[in-house]
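J.: Copied straight from TrEMBL:
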- A:523-646: domain 'STAS' (DOMAIN)
- A:119-138: transmembrane segment (TRANSMEM)
- A:145-166: transmembrane segment (TRANSMEM)
- A:172-194: transmembrane segment (TRANSMEM)
- A:206-233: transmembrane segment (TRANSMEM)
- A:253-269: transmembrane segment (TRANSMEM)
- A:281-301: transmembrane segment (TRANSMEM)
- A:334-356: transmembrane segment (TRANSMEM)
- A:414-432: transmembrane segment (TRANSMEM)
- A:438-460: transmembrane segment (TRANSMEM)
- A:467-495: transmembrane segment (TRANSMEM)
- A:530-550: transmembrane segment (TRANSMEM)
2 protein chains.
Amino acid sequence: MVGNSNRVDTFETIKIQPEIPMFQSPFEIHKVRLPPQRTTLQKLRLRLSEIFFPDDPFHGFKNQTWIIKFLLALQYLFPIFQWGPQYNLKLLRSDIVSGLTIASLAIPQGISYAKLANLPPIIGLYSSFVPALIYSILGSSKHLAVGPVSIASLVMGSMLSESVSYNQDPILYLKLAFTSTLFAGLFQASLGVLRLGFVIDFLSKATLVGFMAGAAIIVSLQQLKGLLGILHFTNKMQIVPVLASVFKQRDEWSWQTILLGISFLAFLLTTRHISMKKPKLFWISAAAPLTSVILSTILVFSMRHKIHKIAIIGELPKGINPPSSNMLFFNGPYLALAIKTGLVSGILSLTEGIAVGRTFASLRNYQVDGNKEMMAIGLMNIAGPCCSCYVTTGSFSRSAVNYNAGAQTAVSNIIMASAVLVTLLFLMPLFYYTPNVILAAIIITAVIGLIDFQVAYKLWKVDKLDFLACLCSFFGVLFISVPIGLGIAVAISVFKILLHVSRPNTLVLGNIPGTPIFHNLNQYKDALRIPSFIILAVESPIYFANATYLQERILRWVREEEEYVKANNGSMLKCVILDMTAVTDIDTNGIDTLCELRRRLEQKSLQLVLANPVGSVMEKLHESNILESFGMKGLYLSVGEAVADISSSWKAQP
Amino acid sequence: MVGNSNRVDTFETIKIQPEIPMFQSPFEIHKVRLPPQRTTLQKLRLRLSEIFFPDDPFHGFKNQTWIIKFLLALQYLFPIFQWGPQYNLKLLRSDIVSGLTIASLAIPQGISYAKLANLPPIIGLYSSFVPALIYSILGSSKHLAVGPVSIASLVMGSMLSESVSYNQDPILYLKLAFTSTLFAGLFQASLGVLRLGFVIDFLSKATLVGFMAGAAIIVSLQQLKGLLGILHFTNKMQIVPVLASVFKQRDEWSWQTILLGISFLAFLLTTRHISMKKPKLFWISAAAPLTSVILSTILVFSMRHKIHKIAIIGELPKGINPPSSNMLFFNGPYLALAIKTGLVSGILSLTEGIAVGRTFASLRNYQVDGNKEMMAIGLMNIAGPCCSCYVTTGSFSRSAVNYNAGAQTAVSNIIMASAVLVTLLFLMPLFYYTPNVILAAIIITAVIGLIDFQVAYKLWKVDKLDFLACLCSFFGVLFISVPIGLGIAVAISVFKILLHVSRPNTLVLGNIPGTPIFHNLNQYKDALRIPSFIILAVESPIYFANATYLQERILRWVREEEEYVKANNGSMLKCVILDMTAVTDIDTNGIDTLCELRRRLEQKSLQLVLANPVGSVMEKLHESNILESFGMKGLYLSVGEAVADISSSWKAQP
């Protein structure tokens, strides 16, 4: 009686059948049963627990003492208490190696992604420090490496830059970035607390594939600014103004910058290619960004008296994250923009973080709790903007490196944060001569991997409407804007569900000879029609959105069958069997439709029989008092029993 | 080979099984088949024809000569050519009786409903003339009686009055009313032409019940103006300002008006009650409005020198509908309001018209073509505003009277129009002394029947979420506004569909002893578990919206089963069977989920088996190349065959 909610609800011990059942004659007829009666309150409780607690998070808490319950709650809220006590030196060694490896990636990525969000580079380093510490305490994934990510940086940069330019008003821009991050965090944490994690499921894979490809193209084009050495560039993020800006400023192109950029881009892409071919050599692409930064900085430093045309990062402030809670604002004309940016970047970073966490957890066969992760990522982004961090989440590239480098626990995030701390305290002057073009090359290498032609082709092959959603989010992001592109794609995905419900399939079934199985005549060529019967399977819940359609469609099947029978001198149609197996729900419109259908068929002297109605449908038919009107001969447990019983009753009374 | 699209597609003759199948041993294993291969274009064509032409409107056109096709098309576009040739004197006699009966109802209703829309009474009579003639040519219903209706009049009046007052700017208000009607007609006709009739299905019964009850209360309260004789009344339609207005103007209450109003209201309600108890006496309530108008007019006329406090209709222009196409406008600040009002009143009048048409058609067992009706109603409302008519549709009360009075064809609409024409030409001066209060009483009697407590109680009993949608549209209309109330109710209905998809049921199945049938253990207490198996039925398509949930939920079922087995020393779990009968569709997220689930279960040394995947799911599994990975032992035609085959293979290799 442990844990199984279904079993607990029935208040009965389940008998186990001692051996494999032998199937006897189908002429023994079984009654269709109602599910066990429940009060409205019980039903509501069950329904709500299935909506909000499908993972049954408290099943370990049952039958425990108060002290153990308290300890379990502590472990539930702070997963560090779960794995902390078992932590040992061997694990630490692995974590130090992986932590230092991701730090070497985190420093150039932090600087680059901050530039992607039009923020000062140092913000990117700050954002790799505090959030990583918070995640190591709250996170339930062992392999997730947190920090700024390309998509969220891009979205924040693009949405804020449309209204405010960092160059014109840096303070306002920073305030907006921090406030948006706070709203992103509040949104993420509240999704976790309210257990509304399923909201992110509405960003389907198709939507995300299209979105990421579009975003990658936009970002790469934006990097042409750095790669070509252009000084005056558009703030807009759509493809048309960006390309226009690139070609309008042709006189600003600098061949030294282009040469440097192209060479390092080639280097980075080559290392990426090598690591993709041989996953064992992951460290080549992991080390490449830091190597490029070091090499290019030395190169520019050594030639600093000869070349002046290459833009460099310049002075970076030394020291740990300064507090920034005074930069947050909760009123004024830009509040709506901050909230909107927060929501969009929040939901995207959450999607990435959770997807990445789940991916690596499934590789090592452990569970990541979605709602807990939302709270962890949310708290990172609530605490972050109070100490100069912008939006962060679990990064795919860093987590992959972390996993490959042998990370064992979230301690690798602490090691990475320590390395970033050392950099912040002592190494900042070394980045003075780092050329901007190298950051552009790093960003392009990172985002180019987001374009996935293979998945897009598979979408086209498998599901055309999914492909359409993918295309819409791709072109929407490219030509309109990130939120509108995503909005259109989500609308198409939801429309697809509604279309499936409002125009469900109805199939004609036939019997597979020698079995009690009835199947779609179209799919199974050996299935045979039963004379005088037409057996229809409805493949959807019967709702207001399809009730009228289904009624007309079923009557059309009957009409066509009658015409066919007449044309072929077959035996006259006498009975319509509706296989209700896939009718998983019914509403009041649907019930009316069934009654109406029965009445219309009776006028044609046809009998309507329901086969295998599921529990919830039986309940509603019972509650609306129409079960009686169907009577004993109108409800059967399976199509086979219905056919056998009805035709034998015809034989009895010819 | 006639008419059955499914049969035509398979390009094969179907064999008919000569007699009832005998069910043999289940150990004969049947292969799961793919549906016949189709190209993308064929699939698209099939899908589109199912979406837009589910009724197969052209099935009569096949294999006909060009002349017959032309005649059929003429009959299709103008149903009058269908029934016209068979028209005879006997039918005409019935139609004259019913036409005159509905005319006696149409005249007072026309005047009253025009007042409900804050329009001059004469517009209501105009609107009962031209649209009725148009419908008699284009309509496919035999019993629908068209004219202005309460709901659409109310909606138009309320939406326009919020911005423009008829008393302050009558010309602008008239222009707005005609232009909105034109847009309503364009919207309705284009829904018909584009065959998008299913849009109106999204107004579920629950939504409409709540909406009509709310609208009835608002309208009745508005009529307190006429019933109490108040002169200065609010333009607003929400319950709070209306009640405030009633009590603020207490000094304007006139006891003579109240006395007259209450007596006639009692008379009308009594006749309505009698007709409801005895449907044979329908003519009592049908004649009551005209009787009341005549009686009260005579009463007021005879006492015209004694009482001055009773408001009367006054001068009405004589003559046929004046042209009004010069009143239509297509620009200016009020265009948005006209379009919005047109859309809302258009969709509501369409819903009423089609529902009423279908109701009476089903009583006499003939078909009403939804898309054709949309075109007919749309053309009524396109032509109407060019000759001083406002929005019209099929009226429930008039059609019921028409049906009961024995109408046989749409000629009864022509008779009614002729009677209205005579009234317009000669009888208008007779209405000079008709008191406004009698119109209020007629309106209240008409709308009070729209409040249906019984249906609301049934909604509560059968489906709580339907009841919630009903409540929301009720209170939304009462306290906010018609479009917002309806919008909330539609959103709840759609949310219900999405909720059902994003949190689908998963059931544990057991075998019903002595049969090959597997059923929900919770619903069937005699169903038995099969040792070493867990059989789960997923009751929904597997989509992006539920893929993650289903994966976690299925893994939780497996975990709970393992815990249960361990606690009870049962035989170890070896195989998970997913019954896919109700999984009517799958998308790319769903396919990934199946693969991931299979991998996760394999890590636990559990086998995943799919039973009975339907055609479209098989197709997608095949196209995404994952069928091979399931192999021969991973796909079965039914749960019974899967259990039998797998357990016998275990016995063979213990």
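The backbone N, Cα and C atoms fix where each Cβ goes, and this holds for glycine too.
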J.: May I have the DSSP-based helix, strand and coil counts for the residues of the domain 'STAS' (A:523-646)?
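T.: Within the domain 'STAS' (A:523-646) the tally stands at 61 helix, 22 strand, 41 coil.
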J.: Flag the pair the transmembrane segment (A:467-495) / the transmembrane segment (A:414-432) as in contact if three or more Cβ pairs fall under 8 Å (sequence separation 6 or more).
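T.: These two segments do not touch.
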J.: Pairs of Cβ atoms less than 8 Å apart decide it: which stretch in A:119-138, A:172-194, A:206-233 has the most with the transmembrane segment (A:334-356)?
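T.: Top-ranked stretch among A:119-138, A:172-194, A:206-233: A:172-194.
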J.: Can you work out whether the transmembrane segment (A:438-460) touches the transmembrane segment (A:281-301), with the criterion being 3+ CB pairs under 8 Å where the paired residues are 6 or more apart along the chain?
T.: yes
J.: Average the per-residue pLDDT over the domain 'STAS' (A:523-646) and send me the rounded value.
T.: 87
J.: Taking pairs 6 or more apart in sequence, does the count of Cβ pairs under 8 Å between the transmembrane segment (A:414-432) and the transmembrane segment (A:119-138) hit 3 or more?
T.: yes
J.: So which of A:145-166, A:206-233, A:281-301 has the most C-beta pairs under 8 Å when paired with the transmembrane segment (A:253-269)?
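T.: If we count Cβ pairs closer than 8 Å to the transmembrane segment (A:253-269), A:206-233 scores highest.
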J.: Six or more residues out from either end of the transmembrane segment (A:206-233), which same-chain residues have a Cβ under 8 Å from its Cβ atoms?
T.: 115-116, 150-151, 154-155, 158, 239, 242-243, 245-246, 249, 252-254, 256-258, 261-262, 265, 309-311, 351, 436-437, 439-441, 443-444, 447-452, 455-456, 459, 463, 466-467, 469-478, 482, 485-486, 489-490, 493
